[in-house]
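S.K.: My structure is below; once you've seen it, I'll send some questions.
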Amino acid sequence: MDKPELVLLFFDWARSRVGHNVFSCNCALDMLCRLNRRQEALALFRNAMARICMPNKFTYGILIRGFSSAGDLDIAIQLLEEMKSSGFEGNAVVHTTLMKGLCDAGRVVEALEHFRAMAKDCAPDVMTYTALVHALCKAGKFDEAQGMLREMVAQGCAPDTVTFSTLIDGLCKFGSEEQAFRVLEDVIQRGMGNSDAAFETIIQRLCNKYNSVELASKVLGVVIAKGFTPTVLMFNLVINGFCKAKDLDSAYKLLEVMIEKGCVPNVFTFTILITGLCKANRVGEAQQLLEKMVMGGCSPNVVTYSTVINGLCKQGQVDDAYELFQLMERRNCPPNVVTHNILIDGLCKAKRIEEARQLYHRMRETGCAPDIITYNSLIDGLCKSFQVDEAFQLFQTIPESGVSAANAVTYSTLFHGYAALGRMADACRIFSMLVDKGFSPDLATYTSLILEYCKTSRAVEVVELVEEMASKGFPPRVNTLSAVLGGLFEGNHTERAIQLFDSMAARGCTDDALIYNLVVEGMARASKHDKALAVLEQVIDKRDRKFNPSSSAVDALVESLCQVGKTDDAKQLLHKMSERGFAAAVSSYNRLLSGLSRLQRWDEATQVFEAMVSAGPAPEISTVNVVISWLCSAAKVDDAYELVQRMSKLGCCPDIETCNTLIGGYCKSGRADLARKLLEEMTEAGLEPNDTTHDLLEC
């Protein structure tokens, strides 16, 4: 019942009728407590119930359990006192519930006080002690937890598997391994849990829940030292723990101890070790152990054989795997669907498709029904061998084979097979089938489809697909998003590119320098200056070297700004980059200097050039030539010559273009003698005059 209103209506109805006793009322109170309507239950208990019947000890027990479980401990304690005042004694369940509530609330001292007081009413049971052991461990009181266990045994209350599980949980969660071992050693040596079930519980909890195989191994050592004979399960648990930790040497040593102690390894022991060896790529040793197992009279099961066959296939030893497959049949261990799937997949990966198909047909003939994994392996093998049409034919037989329907892997495999052959119409058909069946395409499928469209200059057709994959939790990879954005910019779909970039940025999918630089360059070439500047400034403001603006992006933006006369914006951009620790390329400064020169803003150009020189290493001669050219055009040939001398000292030596510009400047100013002198200097420096040089000197 989940309608407390009906319970309340019951009380109203019951008051006016006879025949309702305390049992009926207790049931109603219990339902209210279970529905978290404790206050209504308490109100009914104090008011309405007295008109129907007298409460008994079960009435109090129901309410105390309800309030204790919900953490309303003060009310629970008050009800317990009322219970005692009414002449009823609490049982172990009532007291334990209250104590557990106190422990869960961290009121361990009160719980212990209550524990001592409950002896007047009843003897604590295993649940009582277990709750206190856990609380003491949680509080870091490991000595007290040990003492509680000792008292428990002394009172004739044997710990059960729950007690030991609780003890392990408390020790591993709240204590050190050293403390845990000390407590467990004491438990074993004092005989507090001398049973196979107790030892197995402790070791299993340590190995499987806390991956503490070293501690489990120590506990097993104490069990042996105490004179107990460990069970096969105890050894198997620790051997498995060592194998999971990739400590195969310790696993082998423990196998030797196991045999020495007269504990015969079973098929699970060998299978655990064989699995560990195969995972460590020690398949040869796994084969040897398999034969040793058979020689020792222990018959491998289908899991043992399948594990070795899988290891052989992964190492490309398909012939050996096939031979072992046939051997297990001769040894009356029929391969199951998993074994067949492993070998079929191995044959497919080895490009032995025809043999894989033969094994598939043989599998069906022997009564071993294939599953969807069988079909997926064959379809994948056929697709990777470029036999996609054959793969599709096999896909069409799945419904009639009695196998569960094709899954997302099946459709994705076919999709990639068609896409790899460039058959995008067929790939899109499979993609639609995948979606129609209610499957979500994975990242690889989305990416493949998008990239294939981009290769054929159809980026605009996949914008919605990119949005869809991002909304389904598959943020596009950098190469995918860059391909789409690049295709959009190349196709002059600039607005769509900007919208897609903004959408992906809002989803956190653009956090990569390649994306930012591509967008800046694309918008710059489309003369979207404000947006390009805003995006590039975001990159600069990150002050993160992994977001270093590319020279091509900055060049494109500076060039585009200068072409429309926005040299101030270009100059401010390069200045801000310098302030943020990003050095602009020489090519970017060249474009700005050219832009300023076209506007004959010589003083600003000089300032930019000097700022560039002071900001880093010597500029390239191509940049110097830009400045030399406009200085000579402004009849400032001496300044130009002085600049060349200064740059030479910085390691930026003049080239033939530099000299020709200076010679032309001297000739135009009627100073042919200086032009000829410069020619001599030029020749001495190893520069060969060209036709332009001679033409200029004919002035």
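Cβ atoms here come from the backbone N, Cα and C positions, even for glycine.
What TrEMBL records for 424-541 is domain 'PROP1-like PPR'. The feature repeat 'PPR' is assigned by TrEMBL to 21-55, 56-90, 91-121, 160-194, 301-335, 371-405, 407-441, 442-476, 550-584, 585-619, 620-654, 655-689 (among others).
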S.K.: Can you work out which residues elsewhere in the same chain, 6+ from the ends of the repeat 'PPR' (620-654), have a Cβ less than 8 Å from its Cβ atoms?
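M.R.: Residues 586, 589-590, 593-594, 597, 602, 605-606, 609, 612-613, 661-662, 664-666, 668-669, 671, 678, 682, 685, 687.
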S.K.: Over the span of the repeat 'PPR' (301-335), count residues by DSSP class, listing helix, strand and coil in order.
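M.R.: Output for the repeat 'PPR' (301-335) reads 26 helix, 0 strand, 9 coil.
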S.K.: Are there residues at least 6 beyond the ends of the repeat 'PPR' (91-121) whose Cβ is under 8 Å from a Cβ of it, and what are they?
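M.R.: For the repeat 'PPR' (91-121), the far contacts come to 57, 60-61, 64-65, 68-69, 71, 73, 76-77, 80, 83-84, 127-128, 131-132, 134-136, 138-139, 141.
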S.K.: By DSSP assignment, list the helix, strand and coil residue numbers for the repeat 'PPR' (407-441), in that order.
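M.R.: Helix (H, G, I), strand (E, B), coil: 26 helix, 0 strand, 9 coil.
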S.K.: Would you kindly list the residues that approach the repeat 'PPR' (655-689) from elsewhere in its chain, counting only those six or more residues past its ends and only Cβ-Cβ distances under 8 Å?
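M.R.: Residues 621, 624-625, 628-629, 631-632, 635, 637, 640-641, 644, 696-697, 699.
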S.K.: Could you please provide the mean pLDDT value for the domain 'PROP1-like PPR' (424-541)?
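M.R.: Mean pLDDT across the domain 'PROP1-like PPR' (424-541) comes out at 85.
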S.K.: Which residue counts does DSSP give the repeat 'PPR' (91-121) for helix, strand and coil?
M.R.: 24 helix, 0 strand, 7 coil
